[in-house]
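Peer 1: Would you mind keeping the following structure in view while I ask a few things?
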Amino acid sequence: MKPPFLLALVVCSVVSTNLKMVSKRNSVDGCIDWSVDLKTYMALAGEPVRVKCALFYSYIRTNYSTAQSTGLRLMWYKNKGDLEEPIIFSEVRMSKEEDSIWFHSAEAQDSGFYTCVLRNSTYCMKVSMSLTVAENESGLCYNSRIRYLEKSEVTKRKEISCPDMDDFKKSDQEPDVVWYKECKPKMWRSIIIQKGNALLIQEVQEEDGGNYTCELKYEGKLVRRTTELKVTALLTDKPPKPLFPMENQPSVIDVQLGKPLNIPCKAFFGFSGESGPMIYWMKGEKFIEELAGHIREGEIRLLKEHLGEKEVELALIFDSVVEADLANYTCHVENRNGRKHASVLLRKKDLIYKIELAGGLGAIFLLLVLLVVIYKCYNIELMLFYRQHFGADETNDDNKEYDAYLSYTKVDQDTLDCDNPEEEQFALEVLPDVLEKHYGYKLFIPERDLIPSGTYMEDLTRYVEQSRRLIIVLTPDYILRRGWSIFELESRLHNMLVSGEIKVILIECTELKGKVNCQEVESLKRSIKLLSLIKWKGSKSSKLNSKFWKHLVYEMPIKKKEMLPRCHVLDSAEQGLFGELQPIPSIAMTSTSATLVSSQADLPEFHPSDSMQIRHCCRGYKHEIPATTLPVPSLGNHHTYCNLPLTLLNGQLPLNNTLKDTQEFHRNSSLLPLSSKELSFTSDIW
């Protein structure tokens, strides 16, 4: 009988020892330790704060006075690592008052844990409190780390109290509290009422969320406490809703074996308090964790959130799909109100689908490439076709007379060697001929159409303003003589180019590098706002279906094609150097019924055998001609000209000719035939 009794005694001893160890698990050196209290104290630097010993408010049923009367002493320590150091109160910045520590002006270094110990020779109990002191954030009246948090459902009633106000009350009066929202005074709505030290919102709206700061004065210092109010939707009474896959509508996904796969499950969760969304995948009755290692769940992703309502996603990930993975997978979503689920069926993809997809995408890609190539090669032709059939006439109601103003250089063949006669003929003959005769445009050519009515500059400015385009034929001679100077000297013309009031078409007749100062050309291009550059390539551009003429017509105004009568442009005997293109003379033509007494033999400078038979004339001006100078005899079909060189319109005198008396020059040559030298004895820029 003794062995069983001894065994029972040993067991009782062990149990008793274990019970004693459990009862002393939270005690150190015989002192009961309640660890850290849930309440945290927070203050801004420079503000007063009171840290109260939590033993008298949450752990023992007695107050400080009663405990002191029974011989218990209250001592304070500050935790520094694993050590607790006694606090020496300076009475200046920090003092002890009954069951509390008063920080009269808290500093950031005061942050930490403070332990109050209540003990005598036979009894000991302690607890720690947390204090956080922080500086204001830049531009704010609070620090986001030391805000209090309150929540309220939308449309509900909410009261926001000013924390720790009891610590700053005086026995005879309530503290005067001022409320701010986002650190600014606010005109509260009628349903928001300040009730004592609290702010009462009778019906919370979404816009009521934010930071509320209460402010009061204590011992000459400001005390601020900030509370963040989070507004949420009404507490839901419904289970979550699957968004993909859809509930009661299984989705079928065709997969290719050996390829990775990612299947998302999306669901909507109404606001259900502090509980987070619960979402997971299953294969039949097994959780994903129970399946093979190549199948796993991803992380829960928050897609959207509004007032606590969330849309989340959980992906089912296959590193490489195998035959055994072709099955039904279910996504489950839960909250405290219930559970919903939706399914996905994996099915093997036939190879024909891939071939069809590749063929379709390839055909679309080839079609896009073909369209791009066609556009790159025929973009101008396409635009001209569109303009011809659908474009509006640009010349309607714009109050402009001419389609383009032609600016070029006429070179004196006797005084300047011309390296490019083909370019000269193009600028003076071919270009106007084709634009007027073939395409029906109306050009203003100064040498032909200028009718003096004022000063030369005013006349040119007026005609440029009446033109829809400005065509500049850019030859080396044009650049050497700075043919564009007229557009820089006249302010109105310069403003038209700079502001884009008129579009400029710049035609380059040759490669300019190495022949002229290209910096001036580039400066000219930069000064023009609306500029199109077209290059004339000689014989390559001679045919009407060449890229040059199509590009030029594209840059010209949109208008219906109007063919001008040939008699207005060319003589029947005139032929050009370009075969298909017919030239017009460098000086516009006209004829007169008046004839001179002198015969052809009397005109030593008249050369009927020239390679190009060009009828020369100049515009008639208001010049009184005596009737006696027109005799009856006729010279036949010869043309007559006023001997008034067009260069004199600028007030210039012919080069290499010195006139002693300009008036005598005009008086003695009022009506004489002009020789070819007189017609080209200088370089005129128009």
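Every residue gets a Cβ built from N, Cα and C, even glycine.
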Peer 1: If you follow Swiss-Prot, the disulfide involving CYS53 connects it to which of the following: CYS12, CYS31, CYS116?
Peer 2: CYS116
Peer 1: If you follow Swiss-Prot, the disulfide involving CYS162 connects it to which of the following: CYS12, CYS31, CYS214, CYS265?
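Peer 2: So the cysteine paired with CYS162 in Swiss-Prot is CYS214.
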Peer 1: Between the disulfide-bonded residues CYS53, CYS116, CYS265, CYS331, which lies closest to CYS214 (disulfide bond), Cα to Cα?
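Peer 2: Going through CYS53, CYS116, CYS265, CYS331 one by one, the Cα closest to that of CYS214 (disulfide bond) is CYS53.
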Peer 1: Considering Cα atoms only, can you say which of CYS53, CYS116, CYS265, CYS331 is the nearest neighbour of CYS162 (disulfide bond) among these disulfide-bonded residues?
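Peer 2: Going through CYS53, CYS116, CYS265, CYS331 one by one, the Cα closest to that of CYS162 (disulfide bond) is CYS53.
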Peer 1: Mind looking up the mean pLDDT for the domain 'TIR' (400-556) in the predicted model?
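Peer 2: Average per-residue pLDDT within the domain 'TIR' (400-556): 80.
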Peer 1: Sorted by position, what residues of the same chain at least six away from CYS265 (disulfide bond) have a C-beta under 8 A from it?
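Peer 2: Same-chain residues close to CYS265 (disulfide bond) (Cβ under 8 Å, separated by 6 or more) are PRO242, PHE244, PRO245, ILE279, TRP281, GLU313, LEU314, ALA315, LEU316, CYS331, VAL333, ALA342.
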Peer 1: Measuring CB to CB from CYS116 (disulfide bond), give everything in the same chain under 8 Å that is also at least six residues away in sequence.
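Peer 2: Listed in sequence order, they are CYS53, ALA54, LEU55, LEU74, MET75, TRP76, TYR77, ASP99, LYS126, VAL127, MET129.
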Peer 1: When a 10 Å sphere is centred on the Cβ of CYS53 (disulfide bond), how many other Cβ atoms does it contain?
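Peer 2: Other Cβ atoms within 10 Å of CYS53 (disulfide bond): 24.
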Peer 1: Within 10 angstroms of the C-beta of CYS162 (disulfide bond), what count of other C-beta atoms is obtained when all protein chains are considered?
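Peer 2: Here the count is 26.
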